[in-house]
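See below for the structure under consideration.
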Amino acid sequence: MSIYTLGIDVGSTASKCIILKDGKEIVAKSLVAVGTGTSGPARSISEVLENAHMKKEDMAFTLATGYGRNSLEGIADKQMSELSCHAMGASFIWPNVHTVIDIGGQDVKVIHVENGTMTNFQMNDKCAAGTGRFLDVMANILEVKVSDLAELGAKSTKRVAISSTCTVFAESEVISQLSKGTDKIDIIAGIHRSVASRVIGLANRVGIVKDVVMTGGVAQNYGVRGALEEGLGVEIKTSPLAQYNGALGAALYAYKKAAK
């Protein structure tokens, strides 16, 4: 008889769920673009169950991770650190992974992984610089969609420095560049390098070991990924499942619990 497990990743800006069959096959997934403290987690759970044509009672084990994991007491059988879940999820997609760079809405994590287990990490959760929130703020100033940043930045022909690592000061720099008539596409490329520089500082403290993978919502932005590759001097892999990585790791740990 098959074992189905549910992994829930309650982030600061999005709620993600994955249902796994026998610890091997992804049956369904869901993403709701609001996170902890909202209806997002409940909606994401409802959506993933609907997508799988299953009920909550069909789940052998449910495990929650992420910033808002403790809000799911009574719904999840267990809560677990997102660091461990990201290490596990990344190892499922990329068996040779040794470094995970996770850029979420409100924090950045660089995790060293050995055989699916976290062995070291560095994290920035005190400042928005280098996070998805930073990109949201910058896109708002530039009056562009955050989803368009990568494509626009790729057209840049002139190097513009956005040197402040603080979001407030970087905001002032961007406004100053706009007032000088600097092309938006060059500013965007500079913003991508600014995000990368913040992440590189964390990565160098952990130590970069190949294979390197990028997870989290910002992994979709190939401008940031390219700036990281340039700054670190390594190829960085990603996947369409990058934003679901924490939920995937949670579902895998749930399977380990259920299969005991």
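One is the number of the first residue shown, and numbering goes on along the chain from there.
Note: Cβ is positioned from N, Cα and C throughout, glycine not excepted.
Lifted from Swiss-Prot, the feature list:
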BINDING   SER12, THR13, ALA14, SER15, LYS16, GLN220, GLN243  ATP binding site
BINDING   CYS127, CYS166  [4Fe-4S] cluster binding site
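With a 10 A radius on its CB, GLN220 (ATP binding site) counts 18 other CB atoms from all the protein chains. Cα of SER15 (ATP binding site) to Cα of CYS166 ([4Fe-4S] cluster binding site): a span of 27 Å. Each of the binding-site residues THR13, SER15, GLN243 was scored by the number of other CB atoms within 10 Å of its CB, and the largest score is that of SER15.
Taking every pair among SER12, THR13, ALA14, SER15, LYS16, GLN220, GLN243, the residues listed as contacting ATP, the largest Cα to Cα separation comes to 17 Å.
A Cα-Cα distance of 14 Å separates SER12 (ATP binding site) from CYS127 ([4Fe-4S] cluster binding site). Distance noted between the C-alpha atoms of CYS166 ([4Fe-4S] cluster binding site) and GLN243 (ATP binding site) is 25 Å.
Taking the Cα of CYS127 ([4Fe-4S] cluster binding site) as the reference point, the closest of the binding-site residues THR13, ALA14, LYS16, GLN220, GLN243 is THR13. For the binding-site residues ALA14, CYS127, CYS166, the largest tally of other C-beta atoms within 10 A is found at ALA14.
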